[in-house]
């Protein structure tokens, strides 16, 4: 057998890692704290310590064609944006199809991962686990950390003077499950992220009054984009990424703001970000603008202080008679089973080469899978990360020197600050990142060659959605069905909506989509050229 690999967590990152290890002839053992797979997507009625937690009404923000495993499309009849139960159903089907369950030890908690005494030469790890009160230790050749980054809630109570005097209920959004207990209540939601907006709009149907407090604002996008197509199938494209990264900054910024304001003017709704040109991940919510218009949700600035029954905002206004405060303030990054010397942090930034490998170890035998965030979906990202990591562990891929890795990290971090802002330390440019990882393992599609040999496919790959299938077209792990999956992705996207057929299916024309978006800039450039 190949090298023994410990995998911590059986969510989508863990399952992708098991599968990638098997593809490379490695011997995986996955440790899962709970009694089931799915991680974040496995709903539970109560938030469990040390596990990700979601509320009952969670739907995906990525559409099914953009968030699947690259060789395992969602069923045709699944909706484009899915309830968490549908995604869990898909995850279970994937695990069974790829025969992954037998490699998982359930109800097993990883208490510590330490360097083996001869780590400098072998790269091995001592992994200690607990099950039914019994501790066991084993030596592994490598470790893949797949425990996610939505586990440990960030609850900055010290940032809110007077909160200790507040007499109502106060808790983090991970403990929120459903709206029933808030009937007739006055609720303040702190934080304008996806969870905060979802919870606020859901509560607005039953609560007496709901307010959202936001320190810096946010762009709010709809899942439904031009002509009713899923947003990511129109916006997450190679051509769009090329334009975004090569247009003059002023034009790129103008187009970005115009695109974000296409549905409604954020200034009018109190949602406008403090720095609107930063490419921070937007919030996806189809109901918030209507809730604000109807007066059942109000947006307020940051909370200056709390009293026993109210919140005083920085603009001097007061929300009185509050029954409950829900902090949708994100999560902290933590790996309590690892020594801090293994995965280092700097200014609240986890230092990882390409978001995967700690750069300062003698041997690169530990990888963090799933510790990035972008406009792209998690599943295809962790699939590529784990494939690369498995090849590095096997020895078929090599990493640069420590110095080169640190230089790359510093350079990328500076770009991230300029592009996404100081607080978005795990944000990344999806297609650029995916191309980078796929190039390491020989799986990056060769676009010029495709235009010469298969122009029909090339047009869809370059101008159409950058779907996960593209990264199983060539190289190790190549999937024979990838070409057909790309050419039929719009059929699968439109299929679940055809419950009342009224005419021929209309697929988008990307030429007119991009022409519409760039019509004004093209006209301005033309006028400038004529005048000069």
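Including glycine, each Cβ sits where the backbone N, Cα and C put it.
Long-range neighbours of residue 13 (FAD binding site) (same chain, six or more residues apart, CB within less than 8 Å of its CB): 39, 146, 148, 369, 370, 378, 382, 385, 386. For 9, 10, 11, 12, 13, 32, 40, 41, 61, 62, the entry in Swiss-Prot reads FAD binding site, with the evidence type similarity to another entry.
Per Swiss-Prot, NADP(+) binding site is recorded for 60, 61, 195, 196, 197, 198, and the stated evidence type is similarity to another entry. The DSSP secondary structure for residue 196 (NADP(+) binding site) is helix.
Under the heading phosphoserine, Swiss-Prot lists 401. Around residue 401 (phosphoserine), a 10 Å sphere centred on its CB holds 9 further CB atoms from the protein chains shown. The DSSP secondary structure for residue 401 (phosphoserine) is coil.
Sequence annotations record features per position, and here Swiss-Prot assigns transmembrane segment to 510-530 based on sequence analysis.
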- Rounded to the nearest Å, what's the C-alpha distance separating residue 40 (FAD binding site) and residue 60 (NADP(+) binding site)? Just drop the number here, would you? 12
- Distance from residue 11 (FAD binding site) back to residue 197 (NADP(+) binding site), taken between C-alpha atoms, in Å: 25
- Query: Where residue 195 (NADP(+) binding site) and residue 61 (FAD binding site) are concerned, what is their Cα separation in Å, rounded?
  - Reply: 11
- Message: Can you tell me which of the binding-site residues 11, 60, 196 is spatially closest to residue 401 (phosphoserine)? Compare CA atoms only.
- Response: 11
- Taking the Cβ of residue 61 (FAD binding site) as the centre, how many other Cβ atoms fall within a 10 Å radius? 20
- Reported as an integer number of Å, what is the Cα distance between residue 196 (NADP(+) binding site) and residue 9 (FAD binding site)? 26
- Which chain-mates of residue 11 (FAD binding site) that are at least 6 residues away have a CB under 8 A from its CB, listed by sequence? 37, 38, 39, 40, 41, 52, 146, 148, 370
